[in-house]
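Novice: Pasting a structure here, questions to come.
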Amino acid sequence: MTDPFITLRDICRHFQVGDETVHALDHVSLDIHAGDYISVMGPSGSGKSTLLNALGLLDQTNAGSYRLEGRELTTLPEEQRAQVRREKIGFIFQSFHLIPRLSAADNVALPLVLTGMPAAVRKTKVQQALAGLGLQDRADHRPAQLSGGQQQRVAIARATIMQAPLLLADEPTGNLDSHSSAEVIRILEALNAQGITLIVVTHDTDIGKRARRQVRMVDGKVVADEH
Amino acid sequence: MKPQDTLHFSYQALRAYPGRTALILLAMCIGVAAIILLTSLGEGARLYVIGQFQGLGSNLLIVLPGRSETTGGAPPLIGTTPRDLTLDDALALQRSPAIKEVAPIILGAAPVAYESREREVTIMGSTPSLLSARQLELASGQSLPDSNPRVATAVCLLGETVWKELFANRNALGEWVRIGGSRFRVIGVLAGKGQSLGSDMSDMVVIPVASARNLFNAPSLFRIIVTAESQGQLAQATQDIERITRQRHDGENDITIIAQDSLIGTFDNILSALTWALGGIAAISLLVAGILIMNVMLVAVSQRKAEIGLLKALGAPTAQVLRLFLTEATLLASAGGAIGLLLGLGGVLLLNQAVPDFSAQPPLWALIAAVVITFLTGLLFGSIPARQAARLDPVAALSGR
Ligand SMILES: Nc1ncnc2c1ncn2[C@@H]1O[C@H](COP(=O)(O)OP(=O)(O)OP(=O)(O)O)[C@@H](O)[C@H]1O
Ligand SMILES: [Mg+2]
């Protein structure tokens, strides 16, 4: 058997709120293989977002080991964490997090701009990505001129433009109607079919059940892990 | 991230918040314009005063009656009331080999009339030496007679303005004008010299000193202008004036001698200090602008926390976030500095046109300082919030914490 794409061992994350310590992640251990499709569910406050932020290197952890492609990430300095985020991880947020003053195309191009790719090369890549998501007519629109579903598709284009192997989505349909939700899920599953490792946090059991592997969290612990 | 992309990104960010950008630009360009305007004023004042003194001619000493202690001291005791300076006192000074010319001066005002026209002007009684000592030139005619200064002759020289007013540009030489109650023949017209130490030399009539003594019925001199043989003889001349006058005044040292050079030096120092002080005040205003910039940038950083979090989530290194914000600060500083420079120089130009006698110009050091301070404040006060932004954890920033 090949080494897992991701191994989490006894990851802990706690927050000090007043004199109380909240254990948002309490010794979480998971093996995730390349090409997996995982949903994370659980009650509110169970640590789903905290887990995804730890996987996306958006947040620190307090203890445990996180290895991605065999490389230990918890001890990396910030510069190299930024590089891993840039090259290995795409992140999709519930509230899209597009930059309001930039056009859809410029939002999608942002990760490429950060790597220093020349503008001409960027342009064709962005056009292809937008076209792939049915947004070719919306390239010059600002986020405020787009529907929620369209904004989330722009965000997906941005998260995948670097062709990172890992795609993390924290309630990607939380702000969308059922039609747009279905559309977004269809796109994410298509990406997974092409080989990307997909982890989706969701409250929607219908969506959660679609994943090949379903992780359930309660009080910072993984209580069920169904393959 | 490529430099042109960084620049473009920062430029777009500045355009996205026009109110904030305009506020910072305003603060910057007021600061820079203030430095340029204030130092120009100071420098202009300095040049103006020095020009006035140099209009007097160099090698010049001015002898005034009365002892003025510049270092303070008790008021004069009874019985030491200074003697007046007389024409004889002045003529006695010519004995000193260090002294080239002596021009005794009596000053008064009287109506001057020609035909039906009349004008109240300053009358200066002196000798021909006055013209060379004060570097006055004749536009036409001849100077005062070089004869015995104790003898009154009824001749006069007209200042340019007086001539124009009374004669309406017609020939005045040989004509008789009435000054006070006496008739004087015009023998010369002075070339326009304009202002010299506050007295308008062109709105003036010069007559022999003895005639002025008669006209105003006053035996005492207003002052004596003395020129030394050379700049190096100024000290010797000063000593001689004191010695000769003391002899004539029963051993009392009751005159004041002002050397033009030391005056210039003093004024130069004072006014240079003034220029620096004005520059300093203006620099403080730029510093205040810098603090305003920092405040606005801090607000910008908290407004844009989510954006910073996003950039970091997308893998922007800390240094890149820092660079983006510093680029914004630099763009603001260059634009604000450039506009301020134009505003300041434009203001100086306007000022010079509005006040023709005054030629304000910004000293080079002020221009350089204004530009340097603008960039320093921009970078310094821009980098503090930028640092704060770059240190944020992506989750914390994304959730606006
Ligand atoms: N920055 C923080 N400071 C303090 N407590 C925090 C912080 N972030 C998360 N927590 C706490 O950690 C726990 C897990 O939070 P998390 O956001 O992961 O929950 P979640 O499962 O995503 O909930 P939801 O379904 O509501 O999004 C919660 O109790 C929360 O209050
Ligand atoms: Mg959550």
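Placed from the backbone N, Cα and C atoms, the Cβ positions cover glycine too.
Unlike curated entries, TrEMBL annotations are predicted automatically.
Annotations per TrEMBL:
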TRANSMEM  B:21-42  transmembrane segment
DOMAIN    B:21-243  domain 'MacB-like periplasmic core'
COILED    B:227-254  coiled coil
TRANSMEM  B:276-301  transmembrane segment
DOMAIN    B:281-394  domain 'ABC3 transporter permease C-terminal'
TRANSMEM  B:322-351  transmembrane segment
TRANSMEM  B:363-382  transmembrane segment
Novice: Counting Cβ pairs closer than 8 Å, which of B:21-42, B:276-301, B:322-351 has the most of them with the transmembrane segment (B:363-382)?
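Specialist: Result: B:322-351.
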Novice: Quickly jot the same-chain residues contacting the coiled coil (B:227-254) by Cβ under 8 Å, restricted to those at least six beyond its ends, or write none.
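Specialist: Sequence-remote neighbours of the coiled coil (B:227-254) are 57-61, 63, 65-67, 80, 82-83, 88-89, 92-93, 95-101, 129, 132-133, 261.
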Novice: Going by DSSP, how much of the domain 'ABC3 transporter permease C-terminal' (B:281-394) is helix, how much is strand and how much is coil, in residues?
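Specialist: Helix, strand and coil residues of the domain 'ABC3 transporter permease C-terminal' (B:281-394) number 98 helix, 0 strand, 16 coil.
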